[in-house]
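The block underneath contains the structure these notes are about, expressed in structure tokens.
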Amino acid sequence: MNAPDRRIAHLDMDAFYASVELLRYPELRGQPVVIGGRSIHKPAERADGSREFSRLREYAGRGVVTTSTYEARALGVFSAMGVMKAAQLAPDAILLPADFDAYRHYSRLFKAAVASIAPHIEDRGIDEIYIDLSAIDEDSRSLGTRIKQAVRDATGLSCSIGIAPNKLLAKICSDLEKPNGLTIIGEADIPARIWPLAVRKINGIGPKANDKLGALGILTVGDLAHADAGLLQTHFGRNYAEWLHSVAHGRDQRPVVTSSEPKSISRETTFERDLHARLDRDTLSGIFTGLCTRVADDLKRKGYVSRTIGIKLRFADFRTVTRDITLTAPTADPATIRRAAGECLRRVPLERRIRLLGVRAGALARPDEAPQDAVQHDLFAT
Ligand code: TTP
Ligand code: MG
Ligand code: MG
């Protein structure tokens with residue numbers, strides 16, 4: 001059973017990055033627009049003040065689609081698809097580079113707008129939150145409508161909200177009527193609304209579990225709810241089997257955790273062509289320093305210092321390695337991060353060409369929580 005008095009909302013912004021771009025370029029409304037270009041794809045301003053946009057068909061490179069408008073999705077273009085592939089499906093779609101500062105700005109705005117109505121919020125990333133509505137005495141439809149309006153007033157953007165007895169169901173529901181959805185379900189609606197859905201709609205059933213369930217003939221949440229407990233245990237182990245069974249019945253007790261702090265801040269980049277550690281040394285070094293600077297900027301902007309610096313490398317053969325290092329004192333200083341990341345890099349054999357490079361700052365703390373005695377130099381513990 002779910003606790004009888006809980007009412008949880010999940011709110012997710014619609015086509016978030018793309019929608020923020022449409023605020024800036026309203027003439028693109030109604031068109032297929034894809035976020036995923038580089039800065040050269042920024043629109044050029046003509047003499048008469050109108051803008052000239054890049055089209056997908058002009059793109060060459062290995063970038064992926066970050067997100068797309070619903071008009072682009074109708075043409076088959078979705079997040080994580082290669083931009084070149086997307087260009088085959090929608091050559092005339094508009095291509096724009098990402099502007100993370102703008103997205104972070106609107107992220108803060110929409111969260112503040114929700115907080116003005118319902119302050120019990122769990123931050124789940126740039127465009128989504130859980131909201132515990134249990135203490136608010138107002139019916140779900142009117143409250144949900146009011147929150148959506150507050151988000152629109154503050155940002156000009158639309159979102160979709162699911163309201164349900166718990167986080168699991170709320171998350172599923174916010175997706176059911178996207179975009180601009182408001183989906184409200186109670187316990188009694190589970191068979192009709194949740195059971196027909198594919199099992200991968202459940203947050204926590206990843207591609208592997210999804211495939212395994214499929215092989216057992218378990219395709220929908222309803223199939224899962226009615227699956228034999230012994231069969232599930234045999235294939236998934238006791239804990240996961242029990243979890244599968246309970247989520248299929250829409251049960252979830254997890255609380256809405258108000259101040260969720262990020263565990264790490266990272267930046268990574270996939271190169272236009274695979275780079276060689278020695279032959280492309282200068283290029284690599286410049287990119288590496290740039291990543292460190294961006295991580296340092298992110299830390300400062302978000303108000304954190306970090307105690308572990310790590311790197312990620314993906315080679316041309318897609319093998320991925322990571323290394324990290326613990327500092328003796330936390331930092332947000334780009335030079336310190338660059339030196340620590342350099343230490344990590346020296347611990348990786350670099351015979352193969354490199355496809356992707358990333359820098360991560362972990363073990364985050366607020367500067368005022370960090371010990372003040374260490375100066376930000378020569379901090380390497382290892
Ligand atoms: P999502 O909420 O998953 O997607 P969305 O807001 O673009 O569209 P939807 O209406 O379906 O919610 O992700 C939020 C933002 O995160 C998205 O606008 C861009 C970014 N993102 C990535 O950078 N890579 C990804 O693979 C995905 C899925 C999203
Ligand atoms: Mg979204
Ligand atoms: Mg989201």
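Cβ coordinates are placed from backbone N, Cα and C, and glycine is handled just like the others.
Annotated domain 'UmuC' per TrEMBL: 8-206, in sequence order. What TrEMBL records for Asp12, Asp127 is Mg(2+) binding site. Positions annotated as site 'Substrate discrimination' by TrEMBL: Tyr17. Taken from TrEMBL, the feature active site covers Glu128.
Location within the structure of each feature annotated in TrEMBL.
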| residue | record | DSSP (3 states) |
| --- | --- | --- |
| Asp12 | Mg(2+) binding site | strand |
| Tyr17 | site 'Substrate discrimination' | helix |
| Asp127 | Mg(2+) binding site | coil |
Requested in this report: Taking a cut-off of under 6 Å between Cβ and any atom of ligand 2, tell me which of the recorded positions Asp12, Tyr17, Asp127 pass.
Outcome: Asp12, Asp127
**Report entry** Number of Cβ atoms other than its own within 10 Å, given for Asp12 (Mg(2+) binding site)
**Finding:** 20
Requested in this report: Measure from the Cβ of the residue listed as 'active site' and count the other Cβ atoms within 10 Å, all protein chains considered.
Outcome: 20
**Report entry** Cα distance (Å, whole number) from Tyr17 (site 'Substrate discrimination') to Asp127 (Mg(2+) binding site)
**Finding:** 9
Report task. Mind giving me a neighbour count for Tyr17 (site 'Substrate discrimination')? Other Cβ atoms within 10 Å of its Cβ, every protein chain shown. Result -> 24
Report task. Whole-number Å only: compute the distance from the Cα of Glu128 (active site) to the Cα of Asp12 (Mg(2+) binding site). Result -> 4
